[in-house]
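K.L.:
Quick paste of what TrEMBL says about this protein:
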- 3-65: domain 'MIP18 family-like' (DOMAIN)
- G101, K102, G103, G104, V105, G106, K107, S108: ATP binding site (BINDING)
- 303-323: region 'Disordered' (REGION)
- 344-365: region 'Disordered' (REGION)
Amino acid sequence: MDEAAVRDRLRTVEDPELGDDIVTLGLVNDVTVSEDGEVAVDLALGAPYSPTETAIAGAVRDALAEEGIDPELSASIPDRDDSSGDEVLPNVKNVIAVASGKGGVGKSTVAVNLAAGLARRGARVGLFDADVYGPNVPRMVDADEPPMATEEETLVPPEKYGVKLMSMAFLVGEDDPVIWRGPMVHKVITQLTEDVEWGHLDYLVIDLPPGTGDTQLTMLQTIPVTGSVIVTTPQDVALDDARKGLQMFARHDTVVLGIAENMATFVCPDCGGEHDIFGTGGGSAFAEAHDLPFLGSIPLDPRVREGGDEGQPTVLDEESGTGESFRELTAAVANNTGIVHRRAVSESVAERTPPVDAGTGEGEH
Ligand SMILES: Nc1ncnc2c1ncn2[C@@H]1O[C@H](COP(=O)(O)OP(=O)(O)OP(=O)(O)O)[C@@H](O)[C@H]1O
């Protein structure tokens, strides 16, 4: 089978989210067939371990297996614009910022569970705790496990549940709000991106400080964020704040991966009844009104707080229904991250390939 024939065969593989076949969408970067018939396919997939991209890769294998081919698959996203070599975090495939319009809605809880949930799926993950007002990472790592400095004065992040952890609090001390004035924010962020040995990561989850002020904006300007997750509770006031978060991301052209609703239904451990303490459906209605994906709803569950205090993310509790909600949220975030990349690749391919009816001089469509 030659390269063209392999490509033809790959036209049978659909991207379920973009709704076309992967060849037409431009998601097949490269096909090579060696002299002894070995086939290698490079796909434009950017969200490792996301359910959709895992399924696409599986469908590629199946389609070629029917021809007796066992391909070598790889994935790469054509480089972002920056070819100057001084790209920020060049070894990190995806940076996901977790944000909230106000404090206390469970942003850190979502960030920790998202990071642990991605690692649970097999991804290489880092968690960067930039929330100085309520740093959660120091609580998660044992006190005798601070980051280690190397001879080159870089920091090796401690690891837990397969997640590399780094916190602002490790660098500046937990009680030092002074840094939030002026250029210090920029300096500390630069330190955290340049001096930390993150290694190669599939995902770096950033727990942003709550709110939508200058600090958050500076972070977005300094770090190349792939997409953001906005956490809200179902109450109207929280939703108003979430709206401000949206405006901040819009001003900065950051993709919003979706809305996560936290502290939704409370399942009473005593009576078994379900109570909607902060109202219900607010998060999904909000997402719909703003034409954004809804990533899922996490119940109000005392075990989430206990898990947080003990450094045991609920997402890793395979028996728990709330854990399952976090796993679904993780899957949705990974899937939407993949959509961001695949859509960008397919749009840039579409730009380079004029539609067949272009240039017919029949006027505008
Ligand atoms: N779904 C939930 N069920 C029960 N408790 C929760 C849930 N989500 C978060 N909590 C608890 O609520 C408190 C606040 O959560 P968290 O620290 O994640 O919020 P936050 O939005 O990051 O706040 P801040 O950034 O202001 O510190 C914590 O004690 C946490 O354990």
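Every residue gets a Cβ built from N, Cα and C, even glycine.
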K.L.:
Of G101, K107, S108, which binding-site residues come close to ligand 1, meaning Cβ under 6 Å from one of its atoms?
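P.N.:
Listed by sequence, the hits are K107, S108.
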K.L.:
Given the ATP site residues G101, K102, G103, G104, V105, G106, K107, S108, which other residues of that chain have a Cβ within 8 Å of the mean position of their Cβ atoms, reported in sequence order?
P.N.:
S100, P210, V231
K.L.:
Could you give me three numbers for the region 'Disordered' (303-323), the DSSP helix, strand and coil residue counts?
P.N.:
14 helix, 0 strand, 7 coil
K.L.:
Counting Cβ atoms within 10 Å across all protein chains shown, which of the binding-site residues K102, K107 comes out on top?
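P.N.:
Going through K102, K107 one by one, the largest Cβ count within 10 Å is at K107.
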K.L.:
Grab the pLDDT values for the domain 'MIP18 family-like' (3-65) and give me their mean, rounded.
P.N.:
96
K.L.:
Which residue, of the binding-site residues G101, G104, G106, has its CB surrounded by the fewest other CB atoms within 10 A?
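P.N.:
Per-residue Cβ counts within 10 Å for the binding-site residues G101, G104, G106 bottom out at G104.
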K.L.:
Just to be sure I understand, if DSSP states are collapsed into helix, strand and coil, how many residues of the domain 'MIP18 family-like' (3-65) fall in each?
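P.N.:
Result for the domain 'MIP18 family-like' (3-65), in helix, strand, coil order: 23 helix, 15 strand, 25 coil.
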K.L.:
Far apart in sequence but close in space: which same-chain residues, 6 or more away, have a Cβ under 8 Å from S108 (ATP binding site)?
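P.N.:
Long-range Cβ contacts: V98, D129, D131, G134, N136, D207, G308.
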